[in-house]
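Trainee: Next up is a structure, given as structure tokens.
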């Protein structure tokens, strides 16, 4: 059991995957790599032959093993430097074996891809990898791995042993691996940030205490008069004491000096020790300030973003626990927060928002146009349409197991899958069933957006996915601006729906809508679809435009009548209506048509009479700022009646023409809207008594 627990603990360091409900999925709680926008460069994670990914689980395990060896080196280097003379013993053999592992790592580094800090892409070019390594850490790694201990045995002159001991201290360069490990663990939400930070601070303190004790003992050991040293004054024959006693005494002096306790039993006895103690106490001032500051605030200034991220994670976890949210929703919340933390670090959206619209459009055209033009929905549309569309596209990242669209959700956006994979799910009898899958280049959400119907299924990601989002407003604006392209898009959609029986929409209705669309055209069909959703005349367009007009007349839908009349629909009785009525006589049909026309006319007139306007008297010599107080009236049916009514309201005045608030002359009542202000121009004044 303890072995199993230890193995699981180390897997959390090395493996970038975790299991939820026994389903293996990628973890985005600690992964570092994200696909580029549009996935134009790193669409595939496959690297060149013999090149290793730095995120490979086996390579991470190798790095973890090297960290353990670094911890050993950090302890043994100062200890050997002060207490042990070089000889062919067990420690000598172990040290050279450890050096061998780091020598292997030097060679291995030439075959490990690296993450470019500017493009955030994996570079797997062997030449670039070699140049980067040779120009950075190669020389330091070689010096920290060189076998200086065996070389010291080849020289016998005085002072050579101490010189090689100093060179062996270069092995402390390996501590940079530990620093990188702590930096990664601080951002890994699988580990408690407080304890990771405390572990780092305690490790720094213990290492400082260990090194100071070893160095101070080396000064006493090398001093010509052993009794005039800090340890010789208390233990005259300290060189004869056991190694353990000498080491513990050195640590005791170091910790009492570091904490500024200073009992006085161990103190410097010669100038060398005094000088070392001065520098050590000055170092302690900085180290103490560092420790106190970190233990008080837990993070320093450069970790403020990580602190904010951890606070967000904690708040989300508390929210989920307090509201007893299901486990899968909690995972979605945490994955989304972690992914947002990584994408914010790239500052991609912030960079785009700070650019002018023209540059943003050029960038969007370069990144997204090759993707959009290969979508089935946009096959055959003009390039102008695509250019207008891609300018309003937003790229978003979604972690695994996150819902993008919910079943029966109101249509809002159209999505294009650039990288990753998603499942189409539906709820049947209380159970979730996978209806299909989408791969790179597929779209979803188009049925709800273009057909104005609720989403027929839930769309959920199965892995890290980059998705392009097109808002319904942007899509409809582009389709209305390019009517012919809108027709092509709808034809493409209907062609696809013909072959899908389980998509969530009745196939018969689709065929009928296709016939309506081809007969009426894109704009007429869409207008009728939008209006039918609000006025409950969806069956009106099931035959043809003429029957839709007659149905709207019978139902008193004046707005629908006006819209169809503007489209040029004829009000004569169509043949299909005669057939539907069972072959009634033409006279009956005409009578019914006339009745319908009269009904339509009376409805429209009633609508006109309901218009309320405010009238003002204005002489030709006066401007609008000198108008009289207005009078609110109901708009009559003719210009003459309106002029007569105005004359009565303003004490028998006679008017020649009417203008609106913009000083435009009005000669037709149809252009007057409800609530308009009308100004009547006077030619002569007639007294109240008619004289």
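Glycine is treated like the rest: Cβ placed from N, Cα and C.
Here TrEMBL flags 64-84, 96-115, 194-219, 278-300 as transmembrane segment. Taken from TrEMBL, the feature domain 'Cyclic nucleotide-binding' covers 377-496. Annotated repeat 'ANK' per TrEMBL: 544-576, in sequence order. Residues or ranges marked as region 'Disordered' in TrEMBL: 576-601. Per TrEMBL, the feature domain 'KHA' maps to 612-691.
Locate each feature and note its surroundings.
Mentor: Within its own chain, the transmembrane segment (194-219) has Cβ neighbours under 8 Å at 74-75, 78-79, 81-83, 178, 182, 185-186, 229-231, 246-247, 249-251, 253-255, 257-258, 272-273, 276-277, 280, 283, 287, 290-291, 294-295, 298-299, counting only residues six or more beyond its boundaries.
Within the model, the domain 'Cyclic nucleotide-binding' (377-496) shows a mean pLDDT value of 85, rounded to a whole number.
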Trainee: Going along the chain, which residues at least six beyond the ends of the transmembrane segment (64-84) come within the CB cut-off of under 8 Å?
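Mentor: Result: 10, 13-14, 91, 95, 98, 101-102, 105, 165-166, 168-169, 171-172, 174-175, 177-178, 181, 207, 210-211, 214-215, 217-218, 221, 243, 246-247, 250.
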Trainee: Which sequence-distant residues neighbour the transmembrane segment (96-115)? Criterion: at least 6 residues beyond either end, Cβ under 8 Å.
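Mentor: 32-33, 47, 50-54, 59, 62, 65-66, 69, 72-73, 121-124, 126, 129-130, 132-133, 138, 141-142, 144-147, 149-150, 174.
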Trainee: Same chain, outside the transmembrane segment (278-300) by at least 6, Cβ under 8 Å from its Cβ: which residues?
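Mentor: For the transmembrane segment (278-300), the far contacts come to 193-194, 197-198, 201, 204-205, 208, 212, 216, 257-258, 260, 306-307.
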